[in-house]
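K.L.:
After the structure tokens below, expect a handful of questions from me.
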Amino acid sequence: MQDGSSGAASLGNSSPDATDCVVCGDKSSGKHYGQFSCEGCKSFFKRSIRRSLSYTCRATKNCAIDVQHRNQCQYCRLTKCIRMGMRKEGRRSNETQTAVSAVQRGRLPVTMPSLFPPNMFLRSPFPFMSVPFNPLMTAQFTKPSIKESIFEFAAQTIFATVNWARTSMSNLVKGDQLILLRHSWTPIFIFALAQSNFALNLSTHLTAVTATAASTENGSSSLGSKSEDEEKSEEKPERVFDEPQFQGFQAKIDKIRDFHLDVVESSSLRAVLLFSCDEEALEEKGKIEEIVEKLKSAVDEYCKMNKRSERYHQICECLQLLKSTRNLPISRLFFSRLLGTTPLETILSDLLITPPPPTLPFFPQLPSRN
């Protein structure tokens, strides 16, 4: 365990410059084509896109792209530019800007309580898990509609997740940070949902948000009356989940709740979800795998310390269950009204490189609706 403490100590000590180039890590000269980039990568991307240039990789299409090697493979450099979110239109669309602003602002009261109890410190060798998540004062809600509440919960959760993840990954290169966040976002959101009061009556909530998601995708949420012909020809919106899929989703949520994870187990599991990724595009894959192993060792020791050796296997079972949710259509379910047609990956990328406000709640938990 001593090795785990020393090996992970550097994770929370230093943070890369927020204006580093997202492609090669060199000093950024500003935001170009939608992302912070250096003059070299900006010019390379501009030239490649405007001239519609086509490149070939002489290796395995997985070349390292950093300050020293960025000129060695144009194919991999352009691929990384695109993967990191550089776009030929150069600026975020109005819809994307609106979505990001909405997520950043949130619409829940700023006094919303945290998921964690007061003065709870996590015993872990990782500095980013040793920060207390101080709850805010309990808020009095004005009985919003069910779907309004769950959309607000979704917006607050995505914002809290990105800011927590930014701290957790602060010593990794930005490209890996974005890959990890995109890869783990769905299981982390499902985990937050399972631990919220929405999970107690998920059928009602999903019926509301499914109808909203379907109408948004079919353009029926726009204002204005429809002609008689339009109303007759309008088809019933397709449900995001059919009945068997919904039952499977509900069963997974119920099973996650049945594990009754405590605050240390929950935080450790969330961190393992964030860093568990087998994408070949990761630049620091060995370092990330080492973090996962140390996290698992810390959880194992915590279970043994509490004389519950079988608990570790139960937590691993919960981990696999959460990983199995990775392909669920949560973007369509919970973010359709907030994001419109903007991909959730774009919002995650933009939030990750945007400096956080001074004070944030962690994972929100709405009060029970009686």
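Backbone N, Cα and C atoms are what each Cβ position is placed from, and that goes for glycine too.
Annotated DNA-binding region per Swiss-Prot: 18-93, in sequence order, evidence recorded as sequence analysis. Marked as zinc finger by Swiss-Prot: 21-41, 57-76. Here Swiss-Prot flags 95-355 as domain 'NR LBD'. Per Swiss-Prot, region 'Disordered' is recorded for 216-240. Summarising the annotation, Swiss-Prot assigns compositional bias 'Low complexity' to 216-225. Summarising the annotation, Swiss-Prot assigns compositional bias 'Basic and acidic residues' to 226-240. For 344-355, the entry in Swiss-Prot reads region 'AF-2', with the evidence type sequence analysis.
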K.L.:
How does the model score the region 'AF-2' (344-355) in terms of mean pLDDT?
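P.N.:
Reported value for the region 'AF-2' (344-355) is a mean pLDDT of 78.
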K.L.:
Would you mind splitting the zinc finger (21-41) into helix, strand and coil residue counts from DSSP?
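P.N.:
Going by DSSP assignments, the zinc finger (21-41) contains 3 helix, 5 strand, 13 coil.
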K.L.:
Please list, for the DNA-binding region (18-93), how many residues fall into helix, strand and coil according to DSSP.
P.N.:
22 helix, 6 strand, 48 coil
